[in-house]
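Input: a single structure, listed below in structure tokens.
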Amino acid sequence: MAVEGGMKCVKFLLYVLLLAFCACAVGLIAVGVGAQLVLRQTIVQGATPGSLLPVVIIAVGAFLFLVAFVGCCGACKENYCLMVTFAIFLSLIMLVEVAVAIAGYVFRDKVMSEFNKDFRQQMQNYPKNNHTVSIVDRMQEDFKCCGAANYTDWGSIPLMSKARVPDSCCVNVTQGCGISFKVKEIHEEGCVEKIGGWLRSNVLVVAAAALGIAFVEVLGIIFACCLVKSIRSGYEVM
């Protein structure tokens, strides 16, 4: 028995949402990978809220893509089991995204404190490790900052002369510009406030995006349930 306009419209909107979910899934994976690459150069990798968040985002994105595919198959074939599975898994993803959003908000200051701790540790290793030198120099050049709190932090590094800072602190970076420097020729602001603040704000953006996607997924769940009810009633929505 064919269903008139209303259910056909629901099925069409569900297809549109499934395409949107696929796009969101790809976006989440891209954001997660990008965040992971950034965090590799800013905070110590380990089981911390800051470093685990990108992994969760990537996993949610991959799972959302798979669930969207299941939903598409279920809608095309009007398969009751597939649509129920789609609705259940989409509900789980929505709950995870809400949890990610809450975690991002709760741990926003934790990300900044982790960065502060790690940046100071990297400063201690700066003269001894070429990889650390590369990471710290890139951060100081890109964010136009110097030291943790400010440029004077470099004076407390054992293997650094008190009369110099890394060349990456200079406004105009040239070899040896950090030796016997003049304050007006270097960036005085510390990196913790600049980079940590940038990380904190981006965590909040990701949290807000997760809530936005979760809201759209609620619509997907509603439409899926409507289609499930129609299929269970023995209707055929062409």
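Each residue's number is its place along the chain shown, starting with 1.
In case you wondered, yes, glycine gets a Cβ from its N, Cα and C as well.
Averaged over the topological domain 'Cytoplasmic' (1-11), the predicted model reaches a pLDDT of 65. Residues or ranges marked as topological domain 'Cytoplasmic' by Swiss-Prot on the basis of sequence analysis: 1-11 (among others).
Long-range contacts of the transmembrane segment (12-32) within the same chain: residues 54-58, 60-62, 64-65, 67-69, 71-72, 75, 206, 209, 213, 216-217, 219-220, 223-224, 227, each at least 6 residues beyond the stretch ends and with a Cβ under 8 Å from a Cβ of the stretch. The annotation transmembrane segment is assigned in Swiss-Prot to 12-32 (among others) on the grounds of sequence analysis.
The topological domain 'Extracellular' annotation in Swiss-Prot covers 33-51 (among others).
Summarising the annotation, Swiss-Prot assigns transmembrane segment to 52-72 (among others) and lists sequence analysis as the type of evidence. For the transmembrane segment (52-72), the list of distant contacts is 14-15, 18, 21-22, 24-29, 31-33, 35-36, 39, 82-83, 85-86, 89-90, 93, 96-97, 100, 103-104, 107, 203, 206, 210, 220, 224: same-chain residues at least six beyond its ends, Cβ to Cβ under 8 Å.
Feature annotation from Swiss-Prot assigns topological domain 'Cytoplasmic' to 73-81 (among others); the stated evidence is sequence analysis. Below 8 angstroms of C-beta separation, residues 11, 14-15, 18, 227-228, 231-232, 236-237 of the same chain, each at least six residues beyond the ends of the topological domain 'Cytoplasmic' (73-81), sit close to that stretch.
Under the heading transmembrane segment, Swiss-Prot lists 82-102 (among others).
Taken from Swiss-Prot, the feature topological domain 'Extracellular' applies to 103-202 (among others), supported by sequence analysis.
According to Swiss-Prot, the N-linked glycosylation site annotation covers Asn130 (among others), on the basis of sequence analysis. Within 10 Å of the C-beta of Asn130 (N-linked glycosylation site) we count 7 further C-beta atoms, all protein chains included.
The N-linked glycosylation site annotation in Swiss-Prot covers Asn150 (among others). Following the DSSP three-state reduction, the secondary structure of Asn150 (N-linked glycosylation site) is strand.
Long-range neighbours of Asn172 (N-linked glycosylation site) (same chain, six or more residues apart, CB within less than 8 Å of its CB): Glu185. What Swiss-Prot records for Asn172 (among others) is N-linked glycosylation site, and it gives sequence analysis as the kind of evidence.
Long-range contacts of the transmembrane segment (203-223) within the same chain: residues 10-11, 13-14, 17-18, 20-21, 24, 28, 31, 35, 50, 53, 57, 71, 87, 90-91, 93-94, 97-98, 100-105, 107-108, 111, each at least 6 residues beyond the stretch ends and with a Cβ under 8 Å from a Cβ of the stretch. Residues or ranges marked as transmembrane segment by Swiss-Prot on the basis of sequence analysis: 203-223 (among others).
Per Swiss-Prot, topological domain 'Cytoplasmic' is recorded for 224-238 (among others), and the stated evidence type is sequence analysis.
Here Swiss-Prot flags 234-238 as motif 'Lysosomal targeting motif'.
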Euclidean distance between Cα atoms of Asn150 (N-linked glycosylation site) and Asn130 (N-linked glycosylation site), Å:
22
Residue counts (helix, strand, coil, in that order) that DSSP gives for the topological domain 'Cytoplasmic' (73-81):
7 helix, 0 strand, 2 coil
Below 8 Å Cβ to Cβ and six or more residues apart, same chain only. Which residues does that give for Asn150 (N-linked glycosylation site)?
Glu188, Glu189, Gly190
